[in-house]
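Trainee: Relevant sequence annotations retrieved from Swiss-Prot are reproduced here:
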DISULFID  43-78  disulfide bond
DISULFID  49-71  disulfide bond
DISULFID  57-76  disulfide bond
DISULFID  61-77  disulfide bond
SIGNAL    1-24  signal peptide
């Protein structure tokens, strides 16, 4: 009985340790850039550039909290500084 209880407690503590280390990882994506990292570009495949042109792509990107958008072939690319 004690071996099973010790194994169970060790298992629970191991799971808690793994979960806490997985949730506590820091990311650099939300840190302020101050122009050091340059700009980030994300391209989407909706047909905005085909049907609505550059203006449609730009307004789509601004609703997604990007700085601006431009068309590259049929893709709409959004840019953040």
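Each Cβ is built from the backbone N, Cα and C atoms, and glycine gets one as well.
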Trainee: Measure from the Cβ of residue 76 (disulfide bond) and count the other Cβ atoms within 10 Å, all protein chains considered.
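Mentor: Result for residue 76 (disulfide bond): 24 neighbouring Cβ atoms inside 10 Å.
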Trainee: Would you mind pulling the DSSP three-state label for residue 78 (disulfide bond)?
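Mentor: Its secondary structure by DSSP: strand.
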Trainee: Inside 10 Å of the Cβ of residue 71 (disulfide bond), count up the other Cβ atoms and send me the figure.
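Mentor: Residue 71 (disulfide bond) is surrounded by 19 other Cβ atoms within 10 Å.
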Trainee: Just checking, which of 43, 49 (disulfide-bonded residues) has the fewest C-beta atoms within 10 Å of its C-beta?
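Mentor: Least crowded of the disulfide-bonded residues 43, 49, by Cβ count within 10 Å, is 43.
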Trainee: 57, 61, 77, 78: which of these disulfide-bonded residues has the sparsest Cβ neighbourhood within 10 Å?
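Mentor: Checked 57, 61, 77, 78; of these disulfide-bonded residues, fewest Cβ neighbours within 10 Å: 77.
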Trainee: Within 10 Å of residue 43 (disulfide bond) by C-alpha distance: pick out those among the disulfide-bonded residues 49, 71, 76, and say none if nothing qualifies.
Mentor: 71, 76
Trainee: Rounded to a whole number, how many Å is the Cα of residue 76 (disulfide bond) away from the Cα of residue 61 (disulfide bond)?
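Mentor: Here the two Cα atoms lie 8 Å apart.
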Trainee: Can you tell me the CA-to-CA distance separating residue 61 (disulfide bond) and residue 71 (disulfide bond), as a whole number of Å?
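Mentor: Taking the Cα atoms only, residue 61 (disulfide bond) lies 11 Å from residue 71 (disulfide bond).
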Trainee: Any idea what the Cα distance is from residue 71 (disulfide bond) over to residue 77 (disulfide bond), rounded to a whole Å?
Mentor: 6
Trainee: Fill in the CA-CA distance, residue 77 (disulfide bond) to residue 57 (disulfide bond), as an integer in Å.
Mentor: 8
